[in-house]
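Participant: Checked Swiss-Prot, it gives:
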BINDING   Thr10, Phe11, His18, Gly89, Leu90, Arg91, Glu99, Asn124, Ala125, Phe126, Ile127, Ser128, Ser129, Ser130  ATP binding site
BINDING   Thr10, Lys42, Leu74, Arg88  substrate binding site
SITE      His18  site 'Transition state stabilizer'
Amino acid sequence: MRTLAIYPGTFDPVTNGHLDIIKRSMEIFDNVIVAVAQSSSKRPMFSLQERIDILKLSTQNLVNVQVEGFCTLLADFAKQKGARMIIRGLRAVSDFEYELQIGYANASLNPELETIYFMPTLENAFISSSVVRSIIEHNGAFSHLVPKNAADFIYSLYTKHKRGM
């Protein structure tokens, strides 16, 4: 049986930390779906389609990685895709409490669902999408925090939004 895992998130925008978790999960699972959440409650900087496009560009050379958007419950999305594993990243103890609650909620909705937690590598432990967004908004250098092949695209999308296009 081939194993399929889902790595869900808002990815607003994707960071090197996210990409590292995707690559490391590929060592464990045959196929990984990077599931981009609509997440209107977080009021993302980039639209769902833009975040999907950024992730597709960031993962274009990774075999057996698929990028899809979703706007349903994660437990339902996993069931629809036939996945039994959810991948999550934990940067700090504060992440663990939140992720534990979400993991239990998902398991209550889909008892076959397991959540696997990855710690970031030391070089990526401080990176978050909110830190990257703040740096972008203040015209700081951010390209070392995001996948190299997506940095220019992320910046062009940001400037397009800033101009109101």
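Easy rule for this one: first residue shown is 1, then count along the chain.
Glycine is treated like the rest: Cβ placed from N, Cα and C.
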Participant: Give the helix, strand or coil assignment DSSP yields for Thr10 (ATP binding site).
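Facilitator: In three-state terms, Thr10 (ATP binding site) counts as coil.
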Participant: I need the CA-to-CA distance for Glu99 (ATP binding site) versus Arg88 (substrate binding site), whole Å please.
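Facilitator: Rounded to a whole number, the Cα-Cα distance is 8 Å.
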Participant: What are the non-local neighbours of Ile127 (ATP binding site), defined as same-chain residues 6+ apart in sequence with CB under 8 A from its CB?
Facilitator: Thr15, Asn16, Gly17, Pro120, Leu145
Participant: Between the Cα atoms of Ser129 (ATP binding site) and Leu74 (substrate binding site), what distance do you get, rounded to the nearest Å?
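Facilitator: So the Cα of Leu74 (substrate binding site) lies 20 Å away from that of Ser129 (ATP binding site).
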Participant: If you compare CA-to-CA distances from His18 (ATP binding site) to each of the binding-site residues Lys42, Leu74, Arg88, which comes out shortest?
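Facilitator: Checking each of Lys42, Leu74, Arg88 against His18 (ATP binding site), the shortest Cα distance is to Arg88.
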Participant: Rounded to a whole angstrom, what is the C-alpha distance between Thr10 (ATP binding site) and Lys42 (substrate binding site)?
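Facilitator: Given the Cα positions, Thr10 (ATP binding site) is 8 Å from Lys42 (substrate binding site).
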Participant: Using DSSP reduced to three states, classify Ile127 (ATP binding site) as helix, strand or coil.
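Facilitator: Ile127 (ATP binding site) sits in coil per DSSP, no helix or strand.
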Participant: Let me make sure I understand the span of the substrate site: among Thr10, Lys42, Leu74, Arg88, what is the greatest distance between any two Cα atoms, in Å?
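Facilitator: Of all Cα pairs among the recorded substrate binders, the widest measures 18 Å.
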